[in-house]
Amino acid sequence: LSLPIYSNTTDLTNPSTFILMGIPGLEAAHVWISIPFCVIYLIAILGNFTILFIVKREPSLHGPMYYFLCMLAFSDLVLSTSTLPKMLSIFWFNSREIDFSACLSQMYFIHCFSTMESGILVAMAFDRYVSICHPLRHSTILTSPVVAKIGLAIVLRSGILVLPYPFLVRQWPYCRTNIIPHSYCEHIAVVNLACADTRMSSYYGLFVLFSVIGLDVFFITVSYTQIIRAILCLPTKDARLKTFGTCSSHLCAILALYIPDFFSSLTHRQRISAGSTHDEPHHLWGQN
């Protein structure tokens, strides 16, 4: 399989397209790499649609935890559809070009729905806290209007915080290169291509990083501290295990979201610091 050669530089101040390189250094294995990504995408589509269908059809599941689960399923559908189809087109058809506006749109959806997923996990942690620590008041605290307001707050927070990203990226001139060494439009990867002082974009990204991850992890930690204390006060081991089991799926979802982002952040920081000529700090949240 012969791959086209792309220039490392461009004299375009405002390029109409970017070039996504997929996974640099592994171009020859892209077809094989695509197999697990394709399987993951199919599982995400089928699994999340199944969750939405079952919750909609089963009245007994019309409760706060399952409403939040549906929000998480919808967010995951949008997030996976924003990234994986383009990745697969790169791996299968070597379709590396992406329109500048499409790149900005992809960037917005990735960061917006990653932030939204984090907020939903906080809401689910609060639901578990109320359910375990205040079981008799659960139905009066988490009413349908309250759940709707929490969902609206999560959507507004995500949409508003991430909205400046594409506008800041659009204003920079790009005279270094239009090649993105990634499979999709990461915020920091695109900003790193600009030949201008992009500290404003980097500092704003750090603000979003700390205001989202910092607060969300704090609230989740506080919730589970109270949950663990309540579980340890239960009289029998079976009761403690059964109660903790109701939190296991939520804990798995938390680990599945934050751990890959953490290692992706470390990897991307190392790659950027090795090849960047910028002096501003770099960051990544949901590939920020």
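Using the three backbone atoms N, Cα and C, a Cβ is placed for every residue, glycine included.
Because TrEMBL annotations are produced automatically, they should be read as predictions rather than curated entries.
The transmembrane segment annotation in TrEMBL covers 31-54, 66-88, 108-126, 146-168, 203-227. Residues or ranges marked as domain 'G-protein coupled receptors family 1 profile' by TrEMBL: 47-288.
Only pairs six or more apart in sequence are counted, and the transmembrane segment (66-88) with the transmembrane segment (146-168) gives three or more Cβ pairs under 8 Å, enough to call it a contact. Mean model confidence for the domain 'G-protein coupled receptors family 1 profile' (47-288) is a pLDDT of 85.
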